[in-house]
Amino acid sequence: MGRSSTVKETQALFQSLRSAYAATPNNLKIIDVYVGFAVLTAVIQVVYMAVVGSFPFNSFLSGVLSCIGTAVLAVCLRIQVNKDNKEFKDVAPERAFADFILCNLVLHLVIMNFMG
Amino acid sequence: MARSLPGFLALIVAVALICCSFAAAASTFQPISESHRSAALETFDRSYGSLEETYEALQTFDVLGVERKPDVGTAACQSVSQTLVSSSSTLKDIFYALKVNGVLKCEVDADSVEGIVSTLQTAVGSASSLLEFYHSIGGLVLVKNQALKDDLYLADAEGVFRSIKALSQSDGRWRYSSSNPESSTYAAGLALEALAGVISLSSSEIDQSLIGTTKNDILKLFERVEKYDDGAVYFDGEESDAHENQGPITSTWSVIRGITSFAAVTSGNLNLPGEKILGLAKFFLGVGIPGDAKDFFNQVDSLACLENNRVAIPLILSLPATVNSLTRKDTLKVKVSTVLGSDAPPLKIKLVRAKDTPAIESQELKFDSANKVHVLDTLEKSVDVGNYIFVFEIVFNDPEHKKAYAVESKTEVPIFLTGAVKVGNAKIAVLDSDLGSIETQNLDFAGENLVSLGANHLQKLKLRFQLTTPLGHPFKPHQAILKLTHESKVEHVFVVGNTGKQFEIVLDFLGLVEKFYYLSGKYEIQLTVGDAVMNSFFRVIGHLDLDLPEAPEKAPRPPVQPADVYSRYGPKAEIAHIFRAPEKRPPQELLRLGVNLKNFPSAAAPAAFAALFHVGIGAVLLLYVFFWLKLDLFTTLKILGFLGVFLLFVGHRTLSHLASTSSKVKSA
């Protein structure tokens, strides 16, 4: 009796999460997709390394780090662009996007250097 | 000496029941009367399903002294014999069969009696629930009282007593069995009756301490009573899914049966206050005539138990008529009787005082032994018309009776003293401001003459009269209203003012012209005088020809008198509802992967910048590829510097343009 009720509760929880998420604006959803893509790429690289071996290690590190780094930058962008977030009300979304682009370029320069 | 319930119920049948007719009594209680008997015939006039229903009907008829139909008796006796002979009868069936036998006194042969007694004795020994105890012990008590078997005793009466006592609770209620925690007041009544049965069936004395604790239980139970404002006291039942019959009437009935049977078999006092017993009687008398057969039986059986019990017999003070006419020289009659209407012991009734009327002094009522009423006949000399609250007190001739009977210390009864109020000195006159009275006519309210007057808007109408009570005092009624009705049925109502000694009203038509809607013509004059204690009347006094000036253009029209009074209840106009247009909802957009070309500026210069921005980013990324493939860091950094500056410039232009457009959209 108890188990089915917890199952029902988790189902209800997911339902409510899904319906709440559907309400988020589209631009945030795009950023979320991008973050998801970056993390997925990182996971694929780790799996590849686990299969093939970690030589050369620096390549692996740079690859994973680039994915994680861009994911982190995208999350920062999302935080700054989200209208509900009161701390970043003064920051125009375009400024946040410019920061995102700049940081990404710097990150990729470093990565390219490290990759060898 | 163990007294049994069927025994003294048979006694009651022998008592003569006096029927009294009565006007509606405000807050007094009336003992059982003729209307109860006829209602009983109606309520119980149906075929009875079970022995329980048969018993209830027969017992009710018995107590009320109603004659039952002969075939009912024979059919019931047959059913009784069958049940007592059959070996598959339940304890409940045997119990009710014996109860019916107690009322009807059917012929029961000795063999079936033996069989029944042995069944019941075994049942007592093996009983575990309260209902089993109640039915088996009750059956044995009935067998003993109907003298069907001699020398009937319970083996181990004290053990049975203890087992029943074990089901009691500390708040005075009883549980139905040791496994079920449900308890109720109804069960308490059953348990007390069963315990009384055990005491009556035991061959030796039961331990006095047990009886003492049971008496304490009864006192605890009585702490749970509910009260009404008029003094009625009852036990509120409990909600129960397993057992029905838990309402206030059934629970109170059960407790009354329990305590009266317990008091009958124990010596000493139960120490219950008389007001509570009187309150229980008032509760059942206050029920009136119940519609349900079970409630009827419960009411009648409880009153029969209270009629002749050893705790305190309640006596009811009632008045056959609370409305007395001074003109007809009615005397105030007061009756004291038991709940079923039997005679009370010799006593005196004193009128202590009348509330808020110091003129009425304390006096004793004379007893009319022929009609068994107490009479107060000095009223018309001292008391005028009106409504009063008389306070009566009962004093027993024999002071010993005070302990045996329960009476109210001071009974308050609302009394209406009515009388014929005379209208005298009635005059109606038309007054002119210059000439004084033009015509004055004397009104004779006794005769049929109608006066005929004429007036115009510059004159006044004056009506004057006096009202005198039978004792000669001026009287102020509740209503004195004058109504003038036009030929077109438009009515005007005025209240006649009182100047202490007489009633007078002056209608100044100059001020009333607008109120009368400028309607000239014949007006009917009608006077209404009304009060609860007088002979109220409304009379058409006469007609008035009123001459009013022409109505100006903007005068208010008289309200249209509806030709058909019910036309205002016809269907109304249809209402068309306007609904708000539904809100515009954004189209359902699922997540798509693609290029978002929204917000791409359409104008030329910003478009060029935007395109250059994307080209710049692409160039940087291409540079990185080359860096990885071929170039070294320093070259890369040099080129990156140039590209970066260019990108910053272009990006700044694009993004600020985008920001300004979006802020324009926001403010717009």
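Including glycine, each Cβ sits where the backbone N, Cα and C put it.
All TrEMBL annotations are machine predictions without curation.
As annotated by TrEMBL, signal peptide applies to B:1-25.
Taken from TrEMBL, the feature domain 'Ribophorin II N-terminal' applies to B:32-307.
Here the domain 'Ribophorin II second' (B:315-416) is broken down by DSSP into helix, strand and coil counts: 8 helix, 52 strand, 42 coil. Per TrEMBL, the feature domain 'Ribophorin II second' maps to B:315-416.
TrEMBL lists B:425-546 with the feature domain 'Ribophorin II third'. Across the domain 'Ribophorin II third' (B:425-546), DSSP helix (H, G, I), strand (E, B) and coil residues number 4 helix, 73 strand, 45 coil.
Annotation source TrEMBL lists domain 'Ribophorin II C-terminal' at B:591-660.
Long-range Cβ contacts of the transmembrane segment (B:607-627) within its own chain (Cβ-Cβ under 8 Å, at least 6 residues beyond either end) map to 600-601, 633, 636, 639-640, 643-644, 646-647, 650-651, 653-654, 657. The transmembrane segment feature in TrEMBL is assigned to B:607-627 (among others).
Among the features that TrEMBL reports, transmembrane segment is placed at B:639-659 (among others).
In the predicted model, the domain 'Ribophorin II second' (B:315-416) has a mean pLDDT of 82.
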